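**Student:** Shown below is the structure under consideration.
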Amino acid sequence: MTILRKSHPLLKMVNHAFIDLPAPSNISGWWNFGSLLGLCLIIQIASGLFLAMHYTSDTISAFSSVAHICRDVNYGWLIRYIHANGASLFFMCLYLHIGRGIYYGSYMYKETWNIGIMLLFLTMATAFMGYVLPWGQMSFWGATVITNLLSAIPYVGTNLVEWIWGGFSVDKATLTRFFAFHFILPFIIAATAMVHLLFLHETGSNNPLGIPSDSDKIPFHPYYTFKDFLGVIIILASFLTFVLFFPDLLGDPDNYSPANPLNTPPHIKPEWYFLFAYAILRSIPNKLGGVIALVLSILVLALFPLLHTANQRSMMFRPISQFLFWTLVSDLFILTWIGGQPVEPPFIIIGQIASILYFSIILVLLPIAGLIENKILKW
């Protein structure tokens, strides 16, 4: 078997990626989220495939087809809730994965990092379009509000929005094309994830110390296959407990009402994983300015390799940067909370301060902290 694993053209690729891959001996549980994201993608594609067998992408029957899945299809309710909450699990793992990358300086692998940002954008687009499909109140109004933001683009904005809608409002054409894109994008994400892995294996994994680990490598199997498997068991147990006991906790009650273009919900808000970006969007009174801030809130991640001023790669031994990192995490929690609140005092000013702090920490304070820490090391 060993000979076949190393000689067969197909098995050889798997062997180099998951079995004989040399890995640092000291990577912690924070390195489990890559494999967990792969698990999330498999769960979402599998559950989504079964949902697509019973779903109809038509404005008249979309809402009732989801009700039919929950009531009449064998274990349809379970598949539906696994898929809906699977998106939340996906983003939770995604944000922890990105946080790990920032804390330990993994962004210094520029190609891997930039493909990761592309994966984030693709996942966000997929999740947004998936949220529109049940055709509830929040689905319809969420689609209307978010697609309408493109009208802020000078000169071509209005034409672009009507082109995406396939008409003069969010309607049947919009729903049909969103379903088509929502179905194909996860496979594009899977292919992009392969490229992400390809570039990662060119350099090898980073480690908590942020130093080269060539002198101390261990094979991926059995050490990290078992470590990843433990993570999978813990996450699956927690996830299924959540799905079976609190399936609607993260959903919006408005989405249990069919879409009605004549009745606007009092508070239009996206799912929890977009609230931080939504808060940044709303914190700027100008429409175009808000859209630019929204895009930059994610795109700013691409600047991390350029803004790295510290002599050390990881934040493990950099207390000032650590303090700023955890302040940034707290700030993101505040933005998430503000994104779910109505636009009224004191939430407006809190959101604006939190948005300024978000960009200040990333663009100004972290690079300065790196330089200060370099000075301290020389003393």
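Just so you know, the numbers here start at 1 and follow the chain as drawn.
Positions of Cβ are set from backbone N, Cα and C atoms, glycine also.
Taken from Swiss-Prot, the feature transmembrane segment applies to 33-53, 77-98, 113-133, 178-198, 226-246, 288-308, 320-340, 347-367. Residues annotated as heme b b562 binding site in Swiss-Prot, with similarity to another entry given as evidence: His83, His182. Taken from Swiss-Prot, the feature heme b b566 binding site covers His97, His196. Per Swiss-Prot, the feature ubiquinone binding site maps to His201; the stated evidence is similarity to another entry.
Buried or exposed, and what's around them? Tell me for each listed feature.
**Tutor:** Cβ-based neighbour count (10 Å, all protein chains) for His182 (heme b b562 binding site) stands at 21.
Take the CB of His97 (heme b b566 binding site) and look out to 10 A: across all protein chains shown you find 20 other CB atoms. In three-state terms derived from DSSP, His97 (heme b b566 binding site) belongs to a helical segment.
Away from its own ends, the transmembrane segment (178-198) comes close to residues 17, 37-38, 41, 44-45, 48, 52, 55, 57, 112, 115-116, 118-119, 122-123, 125-126, 129-130, 132-133, 143 of its chain (Cβ-Cβ under 8 Å, at least six residues beyond either end).
His201 (ubiquinone binding site) carries a helical DSSP state (H, G or I).
Residues 29, 32, 35-36, 39, 78, 81-82, 85-86, 89, 93 of the same chain lie 6+ residues outside the transmembrane segment (226-246) yet bring a C-beta within less than 8 angstroms of a C-beta in it.
Same-chain residues lying 6 or more positions outside the transmembrane segment (288-308) and placing a CB less than 8 Å from one of its CB atoms are 98, 102, 105, 107-108, 110, 113-114, 117, 120-121, 124, 149-150, 152-154, 276-278, 280-282, 355, 358-359, 362-363, 366-367, 370.
Within the chain, the transmembrane segment (320-340) has long-range Cβ neighbours (under 8 A, six or more residues past its boundaries) at 99, 102-103, 269-270, 272, 274-280, 282, 310, 347, 350-351, 354-355, 357-358, 361-362, 365-366, 369-370, 372-373.
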**Student:** By a Cβ-Cβ criterion of under 8 Å, what residues six or more beyond either terminus of the transmembrane segment (77-98) are in contact with it?
**Tutor:** 30, 33-34, 36-37, 40-41, 43-44, 47-48, 50-51, 66, 69-71, 116, 120, 123, 127, 130, 235, 239, 242-243, 247, 250-251, 271-273, 301
**Student:** When you rank His83, His182, His201 by Cα distance to His97 (heme b b566 binding site), which of the binding-site residues ends up on top as the closest?
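**Tutor:** Closest by Cα distance to His97 (heme b b566 binding site) among the binding-site residues His83, His182, His201: His201.
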**Student:** For His83, His196, His201, listed as binding-site residues, tell me which one has the smallest number of other Cβ atoms within 10 Å.
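**Tutor:** Output over binding-site residues His83, His196, His201: least Cβ neighbours within 10 Å is His201.
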**Student:** Measuring Cα to Cα, tell me the gap between His182 (heme b b562 binding site) and His201 (ubiquinone binding site) in whole angstrom.
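**Tutor:** Here the two Cα atoms are 29 Å apart.
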